[in-house]
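Pulled from Swiss-Prot, these are the features on record:
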- D29, D70: Mg(2+) binding site (BINDING)
- N30, G32, K33, S34, T35, N129, K130, D132, V174, I175: GTP binding site (BINDING)
- N30, A31, G32, K33, S34, T35, N129, K130, D132, V174, I175: GDP binding site (BINDING)
- 10-14: region 'Mediates recruitment to ER membranes' (REGION)
Amino acid sequence: MGFGDWFKSALSFLGLYKKKATIVFVGLDNAGKSTLLAMLKNSATTTVAPTQQPTSQELVMGSIRFKTFDLGGHEVARQLWEQYVTNSDGIVFLVDSADPSRFEESRRTLQELLDNHDLATTPILILSNKVDIQTAVSMETMVQSFGIQHLLTGKGGSNLRSDQRPLEVFPCSVINRFGYTDGFKWLSKYL
């Protein structure tokens, strides 16, 4: 490690250096991607129209400056995901936990990301959104439905093999403002 890298590490440790990262927000339509980004930017809930084309904005959380891309979740928009996700430092995948009828479609969509060799070590944060709604399934049920229990790497930020992808699920409610902060703290450890 050269002096420049050491200096940046020291400043980052002290919270005086801002890292930059590109984060892509994906998931099926109506999962809460745009609502979450609006909440992070404006600290207020707003009614958000379905995303028709990719949008980008910059956010600062802690010592990290995020360039975010909100990609639509409808079937046609998903065809554009690959050109964004392959250049990202991290992926936030939102799942509507109150709509288990779409779990299979969401699982297949997530599996396409997991199978993409360009993303083999890209951290993926899965936010199981809308857990506050009565019809929401438990996080454990969602994880089992997606068949990813063996891929989860733990919430503690444990040491991973260099070829291992950080992957974890956090329950949240974007509207009620809970759960996603823990997920972003976890993700920031891998950026």
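Each residue, glycine too, has its Cβ placed from N, Cα and C.
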Could you state the whole-number distance in Å separating the C-alpha atoms of G32 (GDP binding site) and K130 (GTP binding site)? 8
At 10 angstroms around each C-beta, which of the binding-site residues V174, I175 has the fewest other C-beta atoms nearby? I175
Which one is it: of the binding-site residues D29, K33, T35, V174, whose Cα lies the shortest distance from the Cα of D132 (GDP binding site)? V174
Within its own chain, what residues at least 6 apart in sequence put their Cβ under 8 Å from the Cβ of K130 (GTP binding site), listed in sequence order? G32, D96, S97, A98, D99, A136, S173, V174, I175
When you measure from the Cβ of K33 (GTP binding site), how many other Cβ atoms are you left with inside 10 Å? 28
If you measure between the CA atoms of N30 (GTP binding site) and N129 (GDP binding site) and round to the nearest Å, you get 10
Ten-angstrom check, please: count other Cβ atoms within 10 Å of the Cβ of T35 (GTP binding site), all chains counted. 19
Using DSSP reduced to three states, classify G32 (GDP binding site) as helix, strand or coil. coil
N129 (GDP binding site) - helix vs strand vs coil (DSSP): strand
Including all protein chains shown, what's the count of other C-beta atoms within 10 A of the C-beta of D29 (Mg(2+) binding site)? 16
Rounded Cα-Cα span from D29 (Mg(2+) binding site) to T35 (GTP binding site), Å: 11
Among N30, S34, N129 [binding-site residues], residue with fewest other Cβ within 10 Å: N30
